[in-house]
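Colleague: Before we start, here is the structure in question, set down as structure tokens.
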């Protein structure tokens, strides 16, 4: 019987690539989303992957959504915490609401999603948790104090939880992408991309979502059973100093 993998933010961008790659690797995949219903339906029609709508910022919604997934597909063996948002602003202009929304989704969302699956993974003596952090959680980024703080928190969460899960057969790892060729990045002004961003990357190109997805598939696999508490940078050579 195929293992069940749940991917948050799993119907768009990096998450969609992860969902597709896990399905191709033989997993039964559930893709969580919180936004556009039409886009989610189109994703399901294209891939055959079931989608489930709830906000990772809401603990009760996460618990209910996870219960539904497990009732329909089986126990969750792989959890990919990918959902994330940005509310960028220089700190002197950042509002409490902008801070709270990012922390609630990008950091507290990891607790909200992982806590309901943790006991089951412990009971079954098996689990794979992959947290999608960011290179900006390691180096920081002006205009993203909220995002950088949340993504740095994801790394601390990963390392602490890995220690708790190690003897229960649960691995917990993080991936820190740099600039990835998603719709969001492609929408950046071309001059900013070509003059400000691309020159910072030694290979002079961003990564594609599928490249991050392949990292996730590896960390979810049996081959990665001895890897836990690790942070995997994927910035195409950028930020070597981190």
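From the backbone N, Cα and C atoms, a Cβ is placed for every residue, glycine too.
Just lifted these from Swiss-Prot, have a look:
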BINDING   12, 13, 14, 82, 83, 84, 85, 86, 177, 178, 179, 180  NADP(+) binding site
BINDING   88, 141, 142, 143, 144, 178, 179  substrate binding site
ACT_SITE  147  active site, proton acceptor
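Please situate the listed features within the shown structure.
Modeller: Residue 12 (NADP(+) binding site) carries neither a helix nor a strand DSSP state and counts as coil.
Counting every protein chain shown, the Cβ of residue 178 (substrate binding site) has 22 other Cβ atoms within 10 Å.
Note: residue 147 (active site, proton acceptor) has non-local neighbours 86, 87, 88, 102, 106, 134, 136, 141, i.e. same-chain residues 6+ apart with C-beta under 8 A of its own C-beta.
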Colleague: Spatially, which candidate from the binding-site residues 142, 143, 144, 178 is nearest to residue 12 (NADP(+) binding site), comparing Cα atoms?
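Modeller: Minimum Cα distance from residue 12 (NADP(+) binding site) across 142, 143, 144, 178 lands on 178.
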Colleague: Which has the fewest other Cβ atoms within 10 Å: 143, 177, the binding-site residues listed?
Modeller: 143
Colleague: Reduced to three states, what secondary structure does DSSP give residue 177 (NADP(+) binding site)?
Modeller: strand
Colleague: Can you tell which of the binding-site residues 142, 143, 144, 178 lies nearest to residue 14 (NADP(+) binding site) in space, using Cα positions?
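Modeller: The smallest Cα gap between residue 14 (NADP(+) binding site) and any of the binding-site residues is with 178.
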Colleague: What count of other C-beta atoms do you get within 10 angstroms of the C-beta of residue 88 (substrate binding site), across all chains shown?
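Modeller: That number is 14.
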Colleague: Between residue 83 (NADP(+) binding site) and residue 178 (substrate binding site), find the distance joining the two CA atoms and give it rounded to the nearest Å.
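Modeller: Residue 178 (substrate binding site) has its Cα 16 Å from the Cα of residue 83 (NADP(+) binding site).
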